[in-house]
Amino acid sequence: MAELTIRPEEIRDALENFVQSYKPDAASREEVGTVTLAGDGIAKVEGLPSAMANELLKFEDGTLGLALNLEEREIGCVVLGEFSGIEEGQPVSRTGEVLSVAVAEGYLGRVVDPLGNPIDGLGEIETSGRRALELQAPTVMQRKSVHEPMETGYKAVDAMTPIGRGQRQLIIGDRQTGKTALAVDTIINQRDNWRTGDPNKQVRCIYVAIGQKGSTIASVRGALEENGALEYTTIVAAPASDPAGFKYLAPYTGSAIGQQWMYEGKHVLIIFDDLSKQADAYRAVSLLLRRPPGREAYPGDVFYLHSRLLERCAKLSDAEGAGSMTGLPIVETKANDVSAFIPTNVISITDGQCFLESDLFNAGQRPALNVGISVSRVGGSAQHKAMKQVSGRLRVDLAQFRELEAFAAFGSDLDAASKSQLERGQRMVELLKQNQYQPMSTEDQVVSVWAGTTGKMDEVPVADIRRFEKELLEYLHRQEQGLMTSIREGGKMSDDTLQAVAEAIAAFKKQFETSDGKLLGEDAPSAAK
């Protein structure tokens, strides 16, 4: 048997090598809490002392929750998803992450939920990164004044309450007054800009549906697809059947997707339809979390809910890439009461409002824009120069017409000048009507408004005004294509351009046949000037 030799130096070297190369496994540390109360879309959790505000928590079945209330002994969180499987006593773990959404160009043409997951059955979306939902809005020094037009395609809006890129313009009115139609038509009106392929003209659109019926969201998607506008639009859907937490988060998801594009130097249009339902969802969540109620039972921070959302819409400075995000929030009123809590809050945050009135809508005025209290505080500097030139007196003329109309209702005898003004006002009201899904190009709007305000349509019967306008524009595009192009691409119209338009209108009038079979100019009353 060989003799066993022990060499102390070998043992020492082996121990030294082991000690030097030894790396202890870090003990895994995970905070796990317990559900103490669950129901109605919220949960109370104990045992997570290090949780952050707005941190995502993970329940046993994989459902996520958002920590909103950080109290001394427990956390109040809103459940993001199906809450029927969450029960008292179940474990809850921290994720260490705040709520974020994936961002990418692949969102265009898709329908997603408030967590950014596709729900249109068209497969996964390739993403390029993530963006936190709660991010600071651009600072004053990162912004630039609004100076580029964002045309809606509606004469009444583009002429009297113009919108610029980076502006927040509120669309407010009772239910069934055409608020969503105005927003959807604005998206459709960006189609020609998108097809130019010019990044400075292209506008990416985001439609955030909050608390809408599923059928309504489907019809909006169908209208966009039918009109060729879905390819540059993302729909963030939180239908009425979704939990309150999803309706509360949906606008921030849409805003985060849009901000990513804005900081890349692109132009974005985002529509929140509508913020009244988001405020209602936030009120429900806050009351369930036992937050103290304020006016109309809304929590004290409901103003901050909307201000921090809408302040993200901006026109960035050249140093930041010169991108923009234009916001069109929609708010529903009750019985035309714009002095209620949420409407006054959002009016004070935004840069103007388009007030749609149910009486005008029922009278056949579409869009039902109340010119008296609709205003754009910054859009005038962004308005197309030609439109600004021709629409200057339109608002005043319409306001005077409404006063005169109310006076004439008493059957008083009017002088010739008042009768002339009344007749022209009736024609202008008729001229400003537009059908849904038929937005007009800038040059068409300019010609129509100029012809109406300068009396070029005074001899046209009121019943024929819309047909006259349609056929006139078709004639101009057919016979005077160069003239229409110069109006679109030029700035303020020169005297020569105005003269050419006047001559073209005069030539068309000679061949226009009214509904009673007469040609204009034959036995037509002289136009009152």
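Each residue, glycine too, has its Cβ placed from N, Cα and C.
According to Swiss-Prot, the feature ATP binding site maps to Gly173, Asp174, Arg175, Gln176, Thr177, Gly178, Lys179, Thr180. The site 'Required for activity' annotation in Swiss-Prot covers Ser374, and the record cites sequence analysis as its basis.
Feature map: Swiss-Prot annotations on the structure.
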residue : record                       : contacts (Cβ under 8 Å, 6+ apart)
Gly173  : ATP binding site             : Lys179, Glu332, Thr333, Asn336, Phe355, Leu356, Glu357, Ser358, Ala368
Asp174  : ATP binding site             : Glu332, Thr333, Lys334, Ala335, Asn336, Leu356, Glu357, Ser358
Arg175  : ATP binding site             : Glu332
Gln176  : ATP binding site             : Ser358, Phe361
Thr177  : ATP binding site             : Leu356, Glu357, Ser358, Phe361, Ala368
Gly178  : ATP binding site             : Leu356, Phe361, Arg366, Pro367, Ala368, Gln436
Thr180  : ATP binding site             : Thr216, Val220, Asp273, Ile330
Ser374  : site 'Required for activity' : Met160, Thr161, Gly352, Gln353, Cys354, Phe355
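There are 26 other Cβ atoms within 10 Å of the Cβ belonging to Lys179 (ATP binding site). Other than the site residues Gly173, Asp174, Arg175, Gln176, Thr177, Gly178, Lys179, Thr180, same-chain residues with C-beta atoms no more than 8 angstroms from the centre of those residues' C-beta atoms, the ATP site, are Glu332, Leu356, Ser358, Phe361, Ala368.
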